[in-house]
Amino acid sequence: MGTVAGLVFALLIIFQISSSVSALSSNYYHQTCPKLESAVTNAVKKAMKNDKTVPAALLRMQFHDCFIRGCDASVLLASKGKNQAEKDGPPNISLHAFYVIDNAKKAVEALCPGVVSCADILALAARDAVALSGGPTWDVPKGRKDGRISKASETRQLPAPTFNISQLQQSFSQRGLSLKDLVALSGGHTLGFAHCSSFQNRIHNFNATLDVDPTLNPSFGASLRNVCPAHNKVKNAGATMDSTTTAFDNVYYKLLLQGRSLFSSDQALLSTAKTKALVSKFACSQKMFEKAFVKSMIKMSSINGGQEIRLDCKVNNPTQEQVRELKQADEQKEEEDDEELHKLLLPDVRDLPISPPSSIQTNFVSYFAPDFVKPGYDQYVYRHANGLCVIGLAPTHVAFKDEGGITAVDFNVGKSDRSGIKVTGKRKKQTVTNNREHLLQNAQHFESNTALCKVCTQNESYIVRCCVKGSLLEVNDKLIKQPDLLNSAAEREGYIAIIMPKPADWLKAKASMLGLEEYEKLREGR
């Protein structure tokens, strides 16, 4: 089956897995993907080495994901067509570090393809962001599924930094979260940075009589006004969430009690006796804060609502109907594509015309590399319009002059055996058409002087080289059992290999070769 068929098979398996909804469990992937957590942790660690804002970004990303349609990785989906996805909604414009989840997903897919959801990877990454910033760690319940719906308009459901305590309580209670969860999860503000627009309402035109929120510490308010003037034009101006912005600690609560919080929603935590008591409790004991935070994170991250396991976190999987259509189309075109491929590449004697010269002249441009590397080592390169180069021995090659001709061909040269190399089916067709650059990654890339094979006569052996720098798509392993094809039909079914060079590499190689007329003159002279 071709590449599409392989994708179809993987998707069918994923649909079967997705159809069975299970409760979350900390050992959900114990059997199916035992190295999952280390793969995610490594991706987060690597990102943190280059960007200290990654932990705050991942923690915020998890929160914003769970508060809309549950923890279903809908925040990771890219906008498509007329649909604006969550990540492009106003509150999410400043979300970043999506690449960390993409890298983690890639690593996990290499270990256990089609098994782990993007939602679970995001939940694990958020946990690691906290732990790697000096905060607590915990066992993340797993088994979430990825959602298929993501709408920018729904980001209005996110709690805004201007919310008062009533609005915050309503937003959290709608998701099954308590006031204690609200205060504990707000502690996530210990990490990160806020843009001026998030707290502008507290430092300019606070109300009809006051310019600055009177609950702000005066010197702190003045410093914020200095960083964020009324008509601020600095795009990324703002302030850190607390004085230890890269460390997960309880400093956020201490500053809140001192009137040094940024958001109205932070200050709102001091507006009721219950929430203020919790703020004081967490300010006094980091241990109590961490215990409450872990409990609330597990509670929040268990809000689930997905249906599938995405192959790519940015894109929904095809629907089952689309998968069926892909499978049917793949089956119908398999034979047709192979026939078209034969016509295009002429890799088989059955597809070659009876008259070699007319076939070569009609389908290829002939080039010759006389004395390639060594005197008498003459080779031909027949180049098709699609860029493919057929490599073989020119009629004047010294091997043909030995008594008895060529008796054996050995592709086991250099450090590897070339005889197993063959890009077949749709992959080969795609290699020479639309997806060439992507699919050529599957081929081996050789220099012009790389050895392809060794041809032997009764008394000597001769190395045959690539002639052209490029990707080796196929060797004619038929020659192993039928070396006499080189003696009888070297320019047809006796070809050595098929190579696809890059345009620049071909032009460089072509400059040192002879055309057909030049070669014929050389041949006459010999």
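Every residue, even glycine, has its Cβ placed from backbone N, Cα and C.
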Site co-member for Ca(2+) 2 according to TrEMBL, given Asp242, Thr245, Asp249, out of Thr162, Thr190, Thr319: Thr190
Per-residue Cβ crowding (10 Å cut-off), top of disulfide-bonded residues Cys118, Cys228: Cys118
Cα distance (Å, whole number) from His64 (active site, proton acceptor) to Gly70 (Ca(2+) 1 binding site): 9
Chain-mates of Asp65, Gly70, Asp72, Ser74, Glu86 with C-beta within 8 Å of site centroid, Ca(2+) 1: Cys66, Ile68, Arg69, Cys71, Ala73, Val75, Ala119, Gly147, Ser150, Gly305, Gly306
Neighbour count (Cβ, 10 Å) for Cys313 (disulfide bond): 22
Around the Cβ of Asp72 (Ca(2+) 1 binding site), the count of other Cβ atoms that are within 10 Å: 28
Disulfide-bonded residues compared (Cys33, Cys66, Cys71, Cys112, Cys196) - the one with the fewest other Cβ atoms within 10 Å: Cys112
Local Cβ density at His189 (heme b binding site) - other Cβ atoms counted within 10 Å: 24
